[in-house]
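Quick look at what Swiss-Prot annotates:
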BINDING   Lys111, Ser112, Thr113, Tyr114, Ala115, Arg116, Thr135, Leu136, Glu137, Gln156, Tyr170, Gln180  dCTP binding site
ACT_SITE  Glu137  active site, proton donor/acceptor
Amino acid sequence: MTIKSDKWIRRMAREQGMIEPFVERQVRTEGSERLISYGVSSYGYDVRCADEFKVFTNIHSATVDPKNFDERSFVDVKGAVCIIPPNSFALARTVEYFRIPRNVLTICLGKSTYARCGIIVNVTPLEPEWEGHVTLEFSNTTTLPAKIYANEGVAQMLFLESDEPCEVSYKDRGGKYQGQTGVTLPKT
């Protein structure tokens, strides 16, 4: 597998609609305001977080069960900033909608700006032929409330191209998160 460059990412976004909306350069400021960067980087794409969040609360449940998840465990928040309570987490989604090619696996890594503040971003790989908004998981590992900024960079996508297409893609197997929009909760 080879990692794909900024040139390839731009071409795939333009010709195949791989990333929409797409920002062709790295954005670090808006007017005089400094931002957490987003857009194309040398070997990846820095995604933005939309302004829709689900913040975890333990009011309705004593146990977190991925097979029987209680939607009431989240409080919906919409805004330019989301505050995650200490030692808690929140879900969000990318501004960008992705369409992953059949011969590509996409890996997501958190941005150092957040990691150095104790905020961890987790996303499972975007599999071949998966498409949708990416659900982002933010963990606040600190003992203080933590801020997440909407419409700014939160994670970087790395695109790995295989030397041959897979036999069965995510789309072929009817993956449960195919075509997801908005913040998507766990499914079994």
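Going from the start of the chain as shown, residues are counted 1 onward.
A Cβ is built for glycine as well, from the same backbone N, Cα and C atoms used for every other residue.
Overlay of Swiss-Prot annotations on the structure.
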| residue | record | contacts (Cβ under 8 Å, 6+ apart) |
| --- | --- | --- |
| Lys111 | dCTP binding site | Ile36, Ser37, Asp46, Val121, Gly153, Val154, Ala155, Gln156 |
| Thr113 | dCTP binding site | Ile36, Gly153 |
| Ala115 | dCTP binding site | Val121 |
| Thr135 | dCTP binding site | Leu91, Ala92, Arg93, Val123, Tyr177, Gln180, Val183, Thr184 |
| Glu137 | dCTP binding site | Phe89, Ala90, Leu91, Val121, Asn122, Val123 |
| Tyr170 | dCTP binding site | Ile100, Glu127, Pro128, Glu129, Trp130, Gln178 |
Conformational class of Thr135 (dCTP binding site) under the three-state DSSP mapping: strand
Helix, strand or coil at Lys111 (dCTP binding site) [DSSP, three-state]: coil
